[in-house]
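Following: one structure in structure tokens, then a few remarks.
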2 protein chains.
Amino acid sequence: MAVKPDIEIAREADKRPIQEIGATLGIPPEHLLPYGHDKAKVAQDFISGLSGRPDGKLILVTAINPTPAGEGKTTTTVGLGDGLSRIGKKAAVCIREASLGPNFGMKGGAAGGGRAQIVPMEDMNLHFTGDFHAITSAHNLLAAMIDNHIYWGNEQEIDLRRVVWRRVVDMNDRALRHTVTSLGGVANGFPRESGFDITVASEVMAILCLADDLSDLQRRLGDMIVAYRRDRSPVLARDIGADGAMTVLLKDAMQPNLVQTLEHTPAFVHGGPFANIAHGCNSVIATRTALKLSDYVVTEAGFGADLGAEKFFDIKCRKAGLHPDCVVLVATVRALKMNGGLQKDELADENVTAVTEGCANLGRHIQNLKGFGVPVVVAINHFIGDTDAEIAAVHDYVAGQGAEAYLCKHWAEGGAGIEALATRVTEIADAGMAQFAPLYADDTPLWQKIECIAERIYHAHEVTADTRVRDQLAQWEAQGYGNLPVCMAKTQYSFSTDPGLRGAPEGHVVPVREVRLSAGAGFVVAICGEIMTMPGLPRRPAAENIRLGADGEIEGLF
Amino acid sequence: MAVKPDIEIAREADKRPIQEIGATLGIPPEHLLPYGHDKAKVAQDFISGLSGRPDGKLILVTAINPTPAGEGKTTTTVGLGDGLSRIGKKAAVCIREASLGPNFGMKGGAAGGGRAQIVPMEDMNLHFTGDFHAITSAHNLLAAMIDNHIYWGNEQEIDLRRVVWRRVVDMNDRALRHTVTSLGGVANGFPRESGFDITVASEVMAILCLADDLSDLQRRLGDMIVAYRRDRSPVLARDIGADGAMTVLLKDAMQPNLVQTLEHTPAFVHGGPFANIAHGCNSVIATRTALKLSDYVVTEAGFGADLGAEKFFDIKCRKAGLHPDCVVLVATVRALKMNGGLQKDELADENVTAVTEGCANLGRHIQNLKGFGVPVVVAINHFIGDTDAEIAAVHDYVAGQGAEAYLCKHWAEGGAGIEALATRVTEIADAGMAQFAPLYADDTPLWQKIECIAERIYHAHEVTADTRVRDQLAQWEAQGYGNLPVCMAKTQYSFSTDPGLRGAPEGHVVPVREVRLSAGAGFVVAICGEIMTMPGLPRRPAAENIRLGADGEIEGLF
């Protein structure tokens, strides 16, 4: 079947008024706060009233390690939601919001692809409902209040060299990575080194996505560490008096956004934390709301399962008390071939050997996921060029791992192309087979948590770190932060810290270069390798070709 | 009559669904893009279809020079709108949007006051419909693209020392006034001095408020000067390729916002440029839309009439082809007393002499406004403590100036308190007495334009400037910018450049310290004195007391 470009499909979508989508979930129109005719926020008052209701089943969509060939994790998340709707189930999809800045570098992205998309695609790539702008404002208000506090006498005795709270902007702007601020004389404060990150890297973003409600949001914002004194004791956002005003700025942003798939399945698109220095999942409040309002909720996590699913389980589910019922692990024949050693320009011809070799990556993820006590099904996201022999090789391999694989054609056919997987997922979820448990206990020492993830998920031989890093972890344990989970920041392209090592490497070393404490979000970040928190624009940014055409349509964004 | 605090009145407002407000203007619901239930944008498509309709009457509300006693210009604008509605006229109000940043320093402001307010007040002090965030994004995208252009080879040969495009943030953050960016090594670009202004000071804001439509917006954005080459030739935003993407970011923000007064008069709240380095009026597109949809449009301009009304006439009306039909000049007895020499703590007792002396300020404004060919009526915005004798003194003085004054009690009584003024304004507007003409011709040399304003509006004796300033003006004239109007940036507290000189000073000197070219907005800014484009927070910022109360209500913002 010929499929048009994503943007054409999205523009031709037969969108229903958002009130109709809300009605399928039982949300009365007065509790839907519309943003135009095709987007809405679900009112906090309505959400608060849902707490007594039973939860639907929670299905996580994750993937093998990403390759340039593409896996289609979001496409499968959306397609599975539509597949569930097609077989008569009350389903909803939960995904993350897109960041504005990167769209002006490379082209903007669809939420899904082909016949499995969420709309309105253009709004979702631009300002959407303003959540990220609210996060930017709240983050930068705190930054302004810190410098203002220092300016007016520094009662908290902040060490100017140890202000760890930077500023953010939702833009790819390398010029802001390292700055000196407060220049220009006495009236402008005390000059100091600082810089900007992109908004999705803000701890405020991670907090918005983990908070139970507005009062939990305010408490967590207050807990954030913004600086240290000369005696190394932390200064919190609460000490600066910023937590209340930040909460007020985030009041609307905390309400989940409701949109729809091309086939009118309700989709909650809310929050978008980085998947390296943060946990990479959509908001807890959106997931919980979806679970209260529908029988099956399909959600996804960032990057491959080694990072995304592990953080989904060990951070989001642990902290929010969520109990996933089934995991769908997405693979494509093309991506397996690349994991089997092929380059991107070698994917056109049939190569069953490469597929089979690449399946080692798939197999490792299957076993890892089973370790969390949640049943795993493999979705083979079909590409036009896949051959029957290649697909059969995947089926055989997965069967050998004690799991099932389903060929899914949702990209070309929408929900109709993924009915078999949808049916099987409901069977598994309804059977209550899952016995979810996180990987490690809360009271495991921080360093052992890192070792546990590296050994059991990455199959590493050893974790290394300077004394400085280990001392820092010990200090945080002494300060009462020892029971936090760990958020690993490493390359998404490999189980190891070497992005070139595809497949299922073993015996490698994981070097922990730096650790950071996100005390408000509630995790310790272990950074393994270079992590960029402020991207730059390419030589020829997409922005140069973006404009409004004569017909009022946006050109060049996609 | 006892009147509650503004915030209580606003919270108790009997708001109608925004679709009902739109319906009173004949806007079909499909052309109203809702933001929640009480805010909406009017769709561009609908606006485009209005061009053939006749215009309603345009009424400008302006004021004497502001004093700490308060004049109530916005309150009178709102009240007059409600007064017109009460006497059976189809009226609309047009005002500016509030800036987010300053609310975290001092307390947030009502849009109007007492029984003459626009709602929802809290949203209007927070993110509203996201327009300012869109402007911030568009502005900073251009900044990122300039540094990116330099980074990748600097094809335009920008002189790094002469990048005039700074960044913006909608926050009071003195630490960002002067910065050094692109530090940290080769990967982050070429270090250079720069800084941030508050978003309302962005030329993008001025352009959004002056553009006819999206294509005019794109053209003007492209015309902005962002830097100079070593030969002093200007580099435009168009040369950097940013104009199209900026327009796409501003596509929604260009659509006017519709809200309502407490008495359900439609209110367009759109755009908010600085009133010193920009023209200080709400958007042309909102004013024009209101004129097409209602019979009487009441709008206001920033600061006192010497700055606000002059710029409204010479910049906004000149460029947009608007023909104001009547001017309402707002004064209060208290502010007149301060213009008559009293301090704020001396206002409690009756003092007819001070009122009469302060009327010199009022009289100067009346004569100035008449000079534009538009009939003037004085609104005495009533305060509880005003005495009959003081009010009578104002009436007598105004009569002596060949004008009429009306005592207006809209603050305490809403539209019912301002019916007499409303009736008189409709008589004047309907009589077609106005013969509007701007102060100077387009082809007057730039320096003479400055002199013309200083002499005829400020009653200055002389305008002074360095050769450097005069040479700059001459250079711009040679480059084809000579027919632009002039935007004066001086203190709003006096006709002179000395904020302490109240009343009606004469014979003073106006020193032009600096001139700037806003080539996209289409005016030359003449800066007389210190103009702050990035405010700071006070010692105890309001933000420290802002939080969500247990009942979910915002505390401390007002």
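Glycine too: its Cβ is placed from the backbone N, Cα and C atoms.
Automatic prediction, not curation, is the source of TrEMBL annotations.
Noted in TrEMBL for the protein shown:
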type	residues	note
BINDING	B:Thr67, B:Pro68, B:Ala69, B:Gly70, B:Glu71, B:Gly72, B:Lys73, B:Thr74	ATP binding site
For B:Thr74 (ATP binding site): DSSP state (helix, strand, coil): helix
Same-chain residues at least 6 apart in sequence whose Cβ lies under 8 Å from B:Thr74 (ATP binding site): B:Ile95, B:Ala111, B:Gly112, B:Gly113, B:Glu300
Which listed residue (B:Thr67, B:Ala69) has most other Cβ within 10 Å, given these are binding-site residues: B:Thr67
The one of B:Pro68, B:Glu71, B:Gly72, B:Lys73 whose CB sees the fewest other CB atoms within 10 Å, among these binding-site residues: B:Pro68
Cβ neighbours of B:Gly70 (ATP binding site) where a neighbour is any other Cβ within 10 Å: 17
Structural state of B:Thr67 (ATP binding site), classified by DSSP into three states: coil
